[in-house]
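To start, the structure under review is shown below, and the notes come after it.
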Amino acid sequence: MFHNFHILSLSSYAYNLFFASAGMLSSLVMFFKFGLYELFIFTLFSVLFISFAWGKDIAMEGLSGYHNFFVMDGFKFGVILFVFSEFMFFFCIFCTFFDAALVPVHELGETWSPFGMHLVNPFGVPLLNTIILLSSGVTVTWAHHSLLSNKSCTNSMILTCLLAAYFTGIQLMEYMEASFSIADGVFGSIFYLSTGFHGIHVLCGGLFLAFNFLRLLKNHFNYNHHLGLEFAILYWHFVDVVWLFLFVFVYWWSY
């Protein structure tokens, strides 16, 4: 019987990703509580590996002609819902931040940021990271417009991936040199929760871009059919916008 839906073949990726994600969240709690980071690193890479394997299968389905326009509309709606859920996640984090910052309690000295904390200078490493991330947004947009014009976008994609890796490296360096930890009161908790989860999103977004760059090298995309790359670019711009809010409020306004 003819229909517009693509009937999926049997796959264990959904179950594997569920258990790997549950293990990652559980190991994250253990890391916060006991400082055991090895299991978290293992489960994080398990999630990334399963996601790449699943994405490869989806890409092969598209190349085989199973993804008609009706199916692609479903993908678009799913990605919009996913980005909206990510937006709500960071919205909750910012609600927590403003609840603590606008009405600081007596235990914090009734001031924000808490008295006695040596914070990161926003016009040092954070400003550099802002320039790097915004530059990566420019280069990935350059790559997109080059592809739409049926031109080569290899150099701009390589530059975007390098900037993403550079941002992650500088963020790790900032954590190692910071004078406070996640256990230093409400500010330390919110700071590392917000910037840490954003860093994970940058890592995932950079890998997503790298995955699509490999597909680009294999000629999986053309100027009018590159949905996977568009999803990666949309996600990357979302990461850019979240960082701007983090820089303005968590770094600059709190300093």
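Residue positions begin at 1 at the first shown residue.
The backbone N, Cα and C atoms fix where each Cβ goes, and this holds for glycine too.
Annotation comment: Swiss-Prot describes 12-32 (among others) as transmembrane segment, evidence class sequence analysis.
Sequence-remote contacts of a segment are chain residues at least 6 beyond its ends whose Cβ falls under 8 Å from one of its Cβ atoms, and for the transmembrane segment (34-54) they are 11, 13, 16-17, 20-21, 23-24, 27-28, 204, 207, 211. Feature annotation from Swiss-Prot assigns transmembrane segment to 34-54 (among others); the stated evidence is sequence analysis.
With a threshold of 8 Å between CB atoms, the same-chain residues lying at least 6 positions outside the transmembrane segment (77-97) that come near it are 190, 193-194, 197-198, 201, 231, 234-235, 238, 242, 245, 249-250. Per Swiss-Prot, transmembrane segment is recorded for 77-97 (among others).
As annotated by Swiss-Prot, transmembrane segment applies to 123-143 (among others).
The transmembrane segment annotation in Swiss-Prot covers 156-176 (among others) and rests on sequence analysis.
For 190-210 (among others), the entry in Swiss-Prot reads transmembrane segment, with the evidence type sequence analysis. Tertiary proximity for the transmembrane segment (190-210) is limited to same-chain residues at least six positions away from its ends with a CB under 8 Å from its CB atoms, namely 48, 52, 86, 89-90, 93-94, 96-97, 100, 133, 140, 157, 160-161, 164-165, 167-168, 171-172, 175, 180-182, 231-233, 235-236, 239, 242-243, 246, 250.
Beyond the ends of the transmembrane segment (231-251), by six or more residues, the same chain brings 75, 79, 83, 86-87, 90, 94, 97-98, 101, 119-120, 122, 126-127, 129-130, 133-134, 136-137, 140-141, 143-144, 160, 190-191, 194-195, 198, 201-202, 205, 208-209, 211-212 to within a C-beta distance below 8 angstroms of the stretch. According to Swiss-Prot, the transmembrane segment annotation covers 231-251 (among others).
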Beyond a gap of at least 6 residues from its ends, the CB atoms lying under 8 Å from the transmembrane segment (123-143) belong to 153, 156-157, 159-160, 163-164, 166-167, 170-171, 173-174, 202, 209, 233, 236-237, 239-240, 243-244, 247, 251-252
Hey, which bits of the same chain come close to the transmembrane segment (12-32), Cβ under 8 Å, at least six residues off its ends? 39-40, 42-44, 46-47, 50-51, 53-54, 57, 182
